[in-house]
Amino acid sequence: MLSTPDYTTITPTAEIRTSTHGNRAKCLQRLLRLNLPVPKTVALRFDTVRTIAGGRMPDIRALLGVFGDGALLSVRSSSQMADWGGPGTILNIGMNDEKAAHLAKTHGPSAADALYVSFIRAYAVDVLRLDADGFEGPITPRLAKAAFEAEMDEPFPQDPAEQMAEVLRSMARAWEGTTARLLRQAQGAPLDAGLGLLVQEMALGIGQGVSGSGVVQFASPETGEARATGRWLPQAQGRAALSEGEAQFIVTDTRGKSLEDVAPEQVAALKAAGALMRERLREEMQIEFTLMNGQLSILDAVKCPRSGRAEVAITVALAEDGIITSDEAILRIPPFTLNQLLHRQVSPTASRDVLTRGIAAAPGAATGKIVFSASAAQAMASQGEPCILVRRETSPEDIRGMHAAQAVLTERGGMTSHAAVIARGLGLPCVSGATRLQLDGRKKTLTVPGRRVFHEGDIITVDGSTGDVLVGAPAMVEPALGGAFATLMDWADAARDIGIRANADTPEDAAMAQRFGVDGIGLCRTEHMFFDPARLTVMREMIFAENPADRAAALDRLLPMQRADFIELFQMMQGQPVTIRLFDPPLHEFLPGDRDGIRALAEALDLPVSRVAARIESLQEFNPMLGMRGVRLGVTVPEIYEMQARAIFEATIKASTKGAPVVPEIMIPLVSARREVELVKGRVDAIAAEVRSQTGQDFTYRLGVMVETPRAALRAGEIAEHSAFLSFGTNDLTQMTYGLSRDDAGRFMSAYVQQGVFPEDPFTQLDVDGVGELMHLGADRGRRARPDLIISICGEHAGQPSAIAFCRKAGFDYVSCSPFRVPVAKLAAAQLSIQDRQLQADPHRLDEERL
Ligand code: PEP
Ligand code: MG
C-alpha cells in the first residue's frame, strides 16, 4: 500500500480533495488554478490531523522547511463542508525575539511589537487556553512574555517548530471536543467528520506603502443585489480586526474613507478576481485579502454570507448569467429559505429582547399592541392599530379576531392546533405553545417568570419564524415576491412532477394561492364560512331547530350565502379543480361558552336562558374530536350536507356560465366505514339530479373521501369503490394513529422529543413509519379497487419537503398545503424530480466536489 504523505503543498495539480483535505484546501487550489495571488499553503489531511489529536506529530521541521527560514505562518481549519465549522485561525506563528528584532528594522519597532504581542496573546489564550486577563490591554512584548511565564512556569517558546506543533495539536484537539462535535452534527456532519489544517505563509498587512487587510464581496448579503461591500483596515491583519470601528469601505463611498481612494488598481484587481471566481467557481464568493506595500494577496475565499433573500437573488442571477443551470439553481436553495422571502421578518441585524419562546407555528414577524380577546382585536383594528392577539388557545370564535390581528400568540397548542392552522392559512405569524407565558384574562396582563408585567396595549413582536416573542418593535425587512423569487418559482413549476394545490377557505386564501400559482384547491374547509356574525346567528337557529321544518327554514337562509361563497371561489379558480370539504366540526363549536354569550343568544333566539343552556349542554361531548363531527354529523343531520351539496352544484352552474367549467370535488370528512360514504353519496347524487332537473343544466362533479381515521386507511379498498379520490388528512390521521390529541400534544411534546421517544413532533414531520404505513396501505388498497383513484394529502404535513418526498415516491397525484407553504412545496417537489432525473441519467452519479 502506498503511504499517504502527511502534508501536501497546494499547487494547481496537487492531489487535494474536499473529502480528504476539506473545502478550504480545495478552494485555495481552485484559486491557484485561476492564477490568483494565494500565498504558499501546505494542506494537512484529515487522517494526519486525527493522528495529531492522538499525540503523533508529523515531521514539523520538514513542514517548516517548505516555507524557508524565518517565515511567519498562519494555520487555518478546513472542514469538509464550510458550515461544519472548525477552530479559528492562528496568525504569525514563528514570531520570536529574533524575528521581532528583524521586523523592527524593516517595519518599525511599534509594528513589530504589535505583531509580537498579538501572537503571544493568541498563543496563550487560543492555543494553550490560558486566562485572557494577563494579556489584555496595551502591553509590551516583555510584559506579555512575563505574563506567559508566570502562568506556564516556562519562558515563551522561541522555537517556531515548537510553536507550530502546539498550534496544530490544539486545533486538532479542539475539533474532537464535545461542543464542536455537537455544533457540526447539528449542521448534518457525520460522526467521523474530519478536519484538515492549512499552514499558510503570512502576508503581513503592515508596511510603508498601502498595507492592511480586508474582506470584500460583490453581492449584498441582505438583498443579493450586485454591489461591492466589505471592510478594509490599514496596517492590520486578520478578519477580526475588521470589526473595529476604524475599518474603512472598499469602494469609494460618500460616508467615509475607502481603499479605492488610495489603491484603485488593487480594488480593480479584487473586482476582477471576484468576477473570475463567480464564473469559474460558479458561486458568489467573499474574498479575504491582504495588501503589503501595495501587493495583493488573496488568503481565502468562502461562499459569500447571505440572507435567504440574497440566496435566491444570487443563485437565480448565476443561472440567468449561464454560470449554472436552472436545475442547479433549484437544487442549491434549501426550500425553507423561501419563508424568509414570503413574510416580513425581523431584520437580521436588529437587537432582540426575547420575552419568551414557543413553537414557530406560522412564519413571519409582526409587531403590535397586545390584545386578549377577538373583540379587542377587532376594536383595535377598527382604529387602524396593529395588534397581537394573545390567547391561552384559540377556538373558532377567535377567527374574526385573528383576521383583525397582525399575529397570534398562544400559551398552549402545537403545530396543528387551531391557532397554528388558521394562522398559516391567513399568512399571519404565530407562536403557539409558549408555555412559560402567564396570562391573566381578567386583569388583561401577561408575563413570564422574572420579567415585568405587560398590559393590553403594550407593544410586542411575534416572530413566527423562530418561535420568539420579543419586547418592543425591532426593525423589519419586507417580503420579496417579485424578481428572482418569481423566476425561481417558474423554474420549479417546469421541473416538478407532482401536483401542488392549496388549502384555501376564503376568497382571500384563494387569491393568495393563485398568486403562488397552484394547480387547484385541495381543501376548502367550509365551516369557517359560518363564523361571520350574520351567518352565525342563522347557524345557531339551525342548531336550535325543534323540528325538520324549522331546520330546513334555517338552512334555506344559509343556502344563498353558501352558494355565493362557492360562486366567488369557483370564479377565481376557473378551470381548476376545487375540493370542498363538507361540514366537519362538532356543532357545539358554534355555540357560546360563557354566561354572557348564552344570555345574548337566548335574547336573539327569543328563548329562555335555561333552554339555551340545556341545549348547549346536550351538545357537549367528553371527546368532541372523536365525537359527533364530520360524516357522523352528515349521517345523523343529513340536511346540512344536502344544503352544502345544493350550494356547490348551483354555484358550479352559475360560475361555469362565464368561463371554463368548474369540476367541483366534494369531500367527506372523518369517514371510517364504507356505509357512511354510500349514505352521503346517495344523498349528494340525488341533490345533483334535482338541481339538474330544476335548472335544465348539466355539470360534472367528483365525490371523494378524506382519509383521517386508521380504519378508513385500512378499508380504503371498499371505500374507494364509491370514491373518485382519497385525500389523507394527516392531522387527524396522526392524532388517531398515535391516540394523541393534536391540541394537547404541545404540553409534553418537547419532553418526548428530547428523550428520543419521537424523533420529531409527528404533527410537524410526517411519521412515515407509522402514519406513512397506513397511507401506503390505504393508497395501495384504494388503487387496487379503483385504478383511476386520485390520491393526495391535505394535512398540514403536505407542505413539508420530507412528506412531499414520501407522497411522490408513493405515487400520489398532488399535495395540498396552506397557500404560504406552496412555494416551499414547489421548490422541494422540483428538487426531488431533478434529483431523480439526474440519478436515472447517471445511476453512479457521485456528488461533485462542491466548495
Ligand atoms: C386533517 O385532519 O388533516 C385535515 C386537513 O383536517 P382538519 O385539520 O380540518 O381537521
Ligand atoms: Mg381533519
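Heads up, the Cβ atoms here are built off N, Cα and C, so glycines get one too.
Binding site for substrate per TrEMBL: R581, E708, G729, T730, N731, D732, plus R525 from the candidate set R515, R525, R646, R808. Note on D732 (substrate binding site): other Cβ atoms within 10 Å of its Cβ, all shown chains, come to 24. Note: the CA-CA distance between E708 (substrate binding site) and C794 (active site, proton donor) rounds to 10 Å.
Checked against ligand 2, the recorded positions R581, E708, T730, D732, C794 give E708, D732 as the ones with a Cβ under 6 Å from it, listed in sequence order.
A Cβ within 8 Å of the Cβ centre of R525, R581, E708, G729, T730, N731, D732, the residues given for substrate, is found for these other residues of the same chain: L523, D584, P669, L670, M706, L733, C794, G795.
Neighbour counts were taken as the number of other C-beta atoms within 10 angstroms of each residue's C-beta; across the binding-site residues T730, N731, the minimum falls on N731. Secondary structure at R581 (substrate binding site), taken from DSSP and collapsed to helix, strand or coil, is strand. Burial estimate for the recorded positions (H418, R525, R581): highest at R581, by number of other CB atoms within 10 Å. Under DSSP, the residues of the domain 'PEP-utilising enzyme mobile' (385-467) split into helix, strand and coil as follows: 18 helix, 25 strand, 40 coil.
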